[in-house]
Amino acid sequence: MMEILRGSPALSAFRINKLLARFQAARLPVHNIYAEYVHFADLNAPLNDDEHAQLERLLKYGPALASHAPQGKLLLVTPRLGTISPWSSKATDIAHNCGLQQVNRLERGVAYYIEAGTLTNEQWQQVTAELHDRMMETVFFALDDAEQLFAHHQPTPVTSVDLLGQGRQALIDANLRLGLALAEDEIDYLQDAFTKLGRNPNDIELYMFAQANSEHCRHKIFNADWIIDGEQQPKSLFKMIKNTFETTPDHVLSAYKDNAAVMEGSEVGRYFADHETGRYDFHQEPAHILMKVETHNHPTAISPWPGAATGSGGEIRDEGATGRGAKPKAGLVGFSVSNLRIPGFEQPWEEDFGKPERIVTALDIMTEGPLGGAAFNNEFGRPALNGYFRTYEEKVNSHNGEELRGYHKPIMLAGGIGNIRADHVQKGEINVGAKLVVLGGPAMNIGLGGGAASSMASGQSDADLDFASVQRDNPEMERRCQEVIDRCWQLGDANPILFIHDVGAGGLSNAMPELVSDGGRGGKFELRDILSDEPGMSPLEIWCNESQERYVLAVAADQLPLFDELCKRERAPYAVIGEATEELHLSLHDRHFDNQPIDLPLDVLLGKTPKMTRDVQTLKAKGDALVREGITIADAVKRVLHLPTVAEKTFLVTIGDRSVTGMVARDQMVGPWQVPVANCAVTTASLDSYYGEAMAIGERAPVALLDFAASARLAVGEALTNIAATQIGDIKRIKLSANWMAAAGHPGEDAGLYEAVKAVGEELCPALGLTIPVGKDSMSMKTRWQEGNEEREMTSPLSLVISAFARLEDVRHTITPQLSTEDNALLLIDLGKGNNALGATALAQVYRQLGDKPADVRDVAQLKGFYDAIQALVAQRKLLAYHDRSDGGLLVTLAEMAFAGHCGIDADIATLGDDRLAALFNEELGAVIQVRAADREAVESVLAQHGLADCVHYVGQAVSGDRFVITANGQTVFSESRTTLRVWWAETTWQMQRLRDNPECADQEHQAKSNDADPGLNVKLSFDINEDVAAPYIATGARPKVAVLREQGVNSHVEMAAAFHRAGFDAIDVHMSDLLAGRTGLEDFHALVACGGFSYGDVLGAGEGWAKSILFNDRVRDEFATFFHRPQTLALGVCNGCQMMSNLRELIPGSELWPRFVRNTSDRFEARFSLVEVTQSPSLLLQGMVGSQMPIAVSHGEGRVEVRDAAHLAALESKGLVALRYVDNFGKVTETYPANPNGSPNGITAVTTESGRVTIMMPHPERVFRTVSNSWHPENWGEDGPWMRIFRNARKQLG
């Protein structure tokens, strides 16, 4: 039976206005829209009155329900039939944890009520299309129709393909029908294999073969034999990549054989809780570094949010499934798309060349895709710290003559670093009889055929197959699984995981055979033991679907009880679906039909399938010389600063949490004005050291339209110049990931790919001492469609994205682009040696040209000398600022440095040649360094010692003020206000934010950038930052116990525990499941802290599901009430913990006036480094800090204070319960965005109780308790940042 319950309004006023504006633009007479959530409860038994009231209360969240009955025609948008939304999974979990076992499943839709004039059927279809995503949603016209969401179908049996009866044609038909993308020789191989077995193949076996042997999974092109221009080549592409490891194996612990590569890290204190006692402590051991970079291009083209989200999720799983289990740590993300053509902001170089109906626009990708990637990282609890964004789409004269080149099939890059224990780097042995386990969520009928689909050019496969290959994301589930993996590796020698892989392309059909095969075993499986939420799925659908957030593991049979205990505590679902066998055979039994859908020798599936041979021809690009006519420097500057590749990326940065873990030492945002120009990302190796890791990206894809090899060399060079200004040491410490994207089969591209791989793998990297131990390829970067009567193709340039990773000696010595105005000199290190080539530059692109000669690595020895020289200068502390030269050239390098320093530039380019345009806009490798004027001679001497004397040019100095002036020989070449340039540079991000977020907030942020008087972030402290008020109490040896409380989805507990630990507490890991099961109580604790994250993925209001699981369980409710009423206890709630505790007002004395915390005014997750002031309040945690003004990490989507009315707000303030407020950089309390990131009235962001014993706050002091983890800080701070005082105050209060 189904019950329907109304919910809160689903759209804010500005979202409704945007919809109405879109309808008006489409000339649809829609006058008004109202939208509200509707909840559907599938019940297995009727609810009594109390249970019904409880369900209603559970589903009451968000803004208040409209009092009036909605008017207009109903359009009900629900998740696509046959799928279960992430919201449903998490909301159902909450209902069960609150004792509502009669609820089979909760689901949610949006009811749109449309008031309109007379609309034709076609116009209604337009309205419907505007209100839903056909890839993920279904539209109904009556609420009762939602009953179809819960329809259950009978299981369907396996289907046989009549090969023996119909011969080869049966396989050809199945290939088309199932979208298998099998090549002719693979069809021959299968015909031969099954004829020898003497039976017909089942559809599931063919599907499994296609996924396991797709280009996506098998990398056939990279393993192929090559004939180029009739000449047999000596090596495959992969062998040339492996050559880098053979030449420089130094510091690499694992390459090419696992889900990620591993290199040596540093010995540090890894901080985690003991399995038996729950007590957190440091464990001194090597924290080796793992690295991985994936792409998820095809799904992102079809449905950008889930495509990018599952791209990040899959890469995170790769990291976690490395060795015998590892810890993902920090991420990077990248996008290459065609031109944005922002409505009303189209740029002169953007022409509309059309696109296929079935893929979305570049603008859609960049509106939704980054949000999906960021949302997954945010909810999982991994900071996203680095990235790139390129737009390219043009008709150019390239290798194959004049043709369309661009990224209709986008690049969506997802990568990152993690850490792994030394004894877990290598996978274990799988014993015969070992249990084969699926860890994670249930099978669902989604994401079918992703491996094969992403191996085809967009436009080749059937639209329905594209539809089937879209996936859905549930990062909170992945977090639960990762917590289990963490508990396992933390056990050291007792780790129950023998072998682990993630489930990705091809689902279990790919993952399980890979698991057993890699472990040297076969496997026997039972299909019906696989967790499934859809009983009507066929064997093929159960075995081959790509439901996300799953891992496959081998666990020794005697370790299963321990593994079971860990999973239950973390509420991570798992199923034992088989066991390892001696015989290298794969059998899958179906208990329901008592048959064998799979019965194959492993070598048929993974054996010697036909090897590919690529017989290709070389084509050389001629290019046309750049036409300079009509190009002025002033116009070029304005155009280039508006090119999205160059322009400000704030809209891509502030949506992503950049402080979670408390180990982020360098994010994208630089300096007091928080400008996104960092060269690289940096994390500390632990919470107790200054060792660390760095990541940087290099890519220069448009250059490949002129010179394949140069483009590849530049990608490596740019990654190196980006990562150089950190303290790494020997260049051999740097390891690279290479992600290759190409349109295989397109004339000239295959030979070009070979040329590019050879340039990097055989020549440049070995010469530099660089290794590429990991990478990925995507070989179908072409889109085909019909535009009117014309067949069109959009082919991407050959694109190599290099991600560089390194172990750091000291993260504090990372140099940023932020300029200082002390007596200084700016030096350009020009590795282009005066070539100043303009081919395939940003300048060429904004004038719709390609040019002829591009930049290149001109001298490998000088590139190596450059790196070594910068390392020497970093070690000698001679650099004030550093920024590499890249897209946009020297002009952009200097401008970005000036933006970061909020200063002027007085530049002189006289020594850079007579061609001023080329001097300013060439994109040859190099960097600008700022040094003290007094150090200039010593610095030039170091550069000369490294062979760079002829590359160094004095190009002026940074000066106070707002003028950005470039001269040569006393003549002004360019002069403009730095503020004007800053505003131009910001206009793309402003327009994207206006489209995507609340336009009023976007306007306020853009307006703030034009204020030259803005003093930037600043600090005023009312206390001595170096005083340790807890020291006398720590000296007694007593360590009070603090319960570090977490719920499923919480992700900030480790850094919180570390902050309390440093202040003299014993921090104890307490999961809500411990309290609900009675394993742990609160009676032994002196303090309690509820941590940040996404409990239950925030589905029933941020923190509300967590609170209700306490309020609706009598014993646990009493436990919390008793704790809060006990004298001499302290409690802190941060972010999600703040939201949760604000919903426990009925249990917390003196909290009656506390507000609720609701959706930010921007309608967006906000990650900012915000200025707050400590106000006079009873808060015991903030004692002695009143009047202080200091920045703090902010990361939330629902942090806006909501009060009932003005009287409620006045009472809250008059009682003095407000503890922190947002202030602007002038020190004034503010409601203006982004200084106030959520729009809270009067800047309120923390409140306390009347006794001061319980304080809740939205910002994160635990993430910035160490100075090194602050995005910016005054230079005179020591180890501890000012927010450490909160935790020491807590220790002091407890005596």
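Numbering starts at 1 and runs along the chain as displayed.
Each residue, glycine too, has its Cβ placed from N, Cα and C.
According to Swiss-Prot, Glu718, Asn722 bind Mg(2+); the candidate from Asp558, Asp884, Asp887 that the record adds to this site is Asp884. Feature region 'Disordered', per Swiss-Prot, maps to range 305-327 of the set 305-327, 995-1017. Only Asn722, from the recorded positions Asn722, Cys1135, Glu1262, place their Cα within 10 Å of the Cα belonging to Ala678 (ATP binding site).
Looking at the domain 'Glutamine amidotransferase type-1' (1042-1295) alone, the prediction's average pLDDT is 98. When secondary structure is read from DSSP and collapsed to three states, Cys1135 (active site, nucleophile) falls in the coil class. Its Cβ placed at the centre, Glu1262 (active site) has 30 other Cβ atoms within 10 Å. In this entry, ATP is bound by Gly307, Ala308, Ala309, Thr310, Gly311, Ser312, Gly313, Gly314, Glu315, Ile316, Arg317, Asp318, Ala678, Ser886, whose most widely separated C-alpha atoms sit 32 angstrom apart. Taking the C-alpha atom of His1260 (active site) as reference, the shortest distance to any of the binding-site residues Gly307, Gly311, Glu718, Asp884 belongs to Gly311. Gly313 (ATP binding site) is surrounded by 30 other CB atoms, counting those within 10 A of its CB over all protein chains shown.
Counting in whole angstrom, Arg317 (ATP binding site) lies 26 from Glu1262 (active site) by their C-alpha atoms. The distance from the Cα of Glu1262 (active site) to the Cα of Ala309 (ATP binding site) comes to 27 Å. The recorded positions shown are Gly307, Gly313, Glu315, Cys1135; of these, the one with its CA atom nearest the CA of Asn722 (Mg(2+) binding site) is Glu315.
Rounded to the nearest whole angstrom, the C-alpha distance between Ala309 (ATP binding site) and Cys1135 (active site, nucleophile) is 23. Distances between the Cα of Cys1135 (active site, nucleophile) and those of the binding-site residues Gly307, Gly311, Gly313, Asp884 are shortest for Gly313.
In terms of DSSP helix, strand and coil, the region 'Disordered' (305-327) has 16 helix, 1 strand, 6 coil.
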